[in-house]
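Undergrad: First, the structure itself, so that you have it in front of you.
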Amino acid sequence: MSSTELGEFVINVTEESGYTSGVVGVDGVDGANISTATTATLLYCGKALDDFHTSYAKVHGIICLLVCIFGSIANTLNIVVLTRREMRSPTNAILTGLAMADLLVMLDYMPYAINSIPYLQLTREERFTYGWAWYIMFHSIFAQICHTISIWLTVTLAIWRYIAVAYPQRNRQWCDMSKTLAAIFSSYIVCPFLAVPIYLSFSIQSNVELLGCDGNMLPADAVGNAKQARNVTLYRLGTSQLVRDNPALLNVNFWIYSVVFKLIPCIALTILSLRLIGALLEAKQRRSQLTGTATGLKQIVDGRVVDAKSGKQTDKEKQTDRTTRMLLAVLLLFLITEFPQGILGLLSAILKKDFFFNCYLKLGDVMDVLALVNSAINFILYCSMSRQFRSTFNDLFRPRILDRWMAVPQGEDEQAGRSQHQDGATTQITQI
């Protein structure tokens, strides 16, 4: 479930336990009135955060919708490019699985974002239909499953890349395509089971309210007017009987969300990222020593003095370094967006409802949009840091009519022919 939905779930529990007065909004809680719904003082984060939450709530739905639209297009393009024959590799297979999970998150979040736009001015009767309650229940579980898959595929990506850099001689054996596909499918199979406690904690509940002809609550001076009032059954997501009988399950959900879904992957990624950077520097130094670059060894090729390292080897090493830097950017972006959520969730489990209402819930919308940005921005990273991705994307989506107008300069033509001749000679010598 998203940060905001987790907050709504807790408010439903506290309402039933007598902690707060009952207020409902887009999904069971009126986000703009959260501060008025609690009697707890602004103990931890102060009034400034409360004011920020109230202001940001007005634009949260629009921002999330734009991010989701961009992210859906971007992740679709990622899948199309990464599944091309020339792009097939264990690393790209993981990135494809990651793009699929992120795409599902985007598509699932869109209706929620649309319904969060205050300018639509939906009535209370329109917002709390039975169908919408079912969507919220599905969304709360499905979005968390897909995001958890994305998290653990990111951890798998870090492990695979660390092995490729630190143990290159065993990379083909340990991280071949069959083991990679097994790791991807395992994430898609195991992660749904981690969301079982969330599924057991929810149920759709109905209550009858007195609404006006316009579908909204009656003003105070019209409550006694029977002509303007009518009974309407509203539906929202509430706590299951299991949680009502065992309130401790609420803390279990917090611990699972903050520790299993957030902190453990973030700690693992922090360690792996540091080890990956260290292994990258060590491998670069080792290659430098082996090729003689460190000692300044030279050789003569076509009458020119060049480094002892061959051109093909240099290109391969540069490609490896670029790939590693790109994946490190993916990992660091993930840590920036996910670590704060895990820490806030853990503090909410430890400090209970005062911290939750005054800090966690006020930052829930911001954490949600950061998670969506993290799921949408990988396409930009691939385009900016991977030459192979750019080249494949260009071949797939560049209009063919442009090829007629893009003349190849004569100098480049001669250079390409000379290069082809040299490559042919090299191949021939190797075969002999």
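Every residue, even glycine, has its Cβ placed from backbone N, Cα and C.
Bear in mind that TrEMBL entries carry predicted annotations, made automatically and left uncurated.
The compositional bias 'Polar residues' annotation in TrEMBL covers 417-432. Positions annotated as domain 'G-protein coupled receptors family 1 profile' by TrEMBL: 74-382. The region 'Disordered' feature in TrEMBL is assigned to 413-432. Annotation source TrEMBL lists transmembrane segment at 59-81, 93-112, 132-160, 181-202, 254-277, 326-351, 363-383.
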Undergrad: So, taking each listed stretch (132-160, 181-202, 254-277, 326-351, 363-383) in turn and counting its Cβ pairs to the transmembrane segment (59-81) that are under 8 angstroms, which one gives the highest count?
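TA: Against the transmembrane segment (59-81), the leading stretch is 363-383.
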Undergrad: Under a criterion of three or more Cβ pairs within a distance under 8 Å and sequence separation of at least 6, are the transmembrane segment (326-351) and the transmembrane segment (181-202) in contact?
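TA: These two stretches do not touch.
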Undergrad: Quick test of the contact rule: Cβ under 8 Å, at least six residues beyond the ends. What residues does that give for the transmembrane segment (132-160)?
TA: 1-2, 5, 9, 27-28, 90-91, 94-95, 97-98, 101-102, 104-105, 108-109, 111-112, 115, 175, 180, 183-184, 187-188, 191-192, 194-195, 198-199, 202, 204, 235-237, 261-262, 265, 268-269, 272-273, 276, 327, 330-331, 334, 338, 371, 375
Undergrad: Could you tell me what the rest of the chain brings near the transmembrane segment (254-277), counting residues at least six beyond its ends with Cβ under 8 Å?
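TA: The answer is 1, 6, 144, 147-148, 151-152, 154-155, 158-159, 161-162, 165-166, 194, 197-198, 324, 328, 331-332, 334-335, 338-339, 341-346, 348-349.
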Undergrad: Sort out the residues at least 6 away from either end of the transmembrane segment (181-202), same chain, that have Cβ-Cβ distances under 8 Å to it, and list them.
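TA: Sequence-distant neighbours of the transmembrane segment (181-202): 1, 9, 93-94, 97, 101, 137, 140-141, 144-145, 148-149, 152-153, 156, 237-240, 242-243, 249-250, 252-253, 256, 260-261.
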Undergrad: Over the span of the domain 'G-protein coupled receptors family 1 profile' (74-382), how high is the average pLDDT in this prediction?
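TA: Overall, the domain 'G-protein coupled receptors family 1 profile' (74-382) comes to a mean pLDDT of 81.
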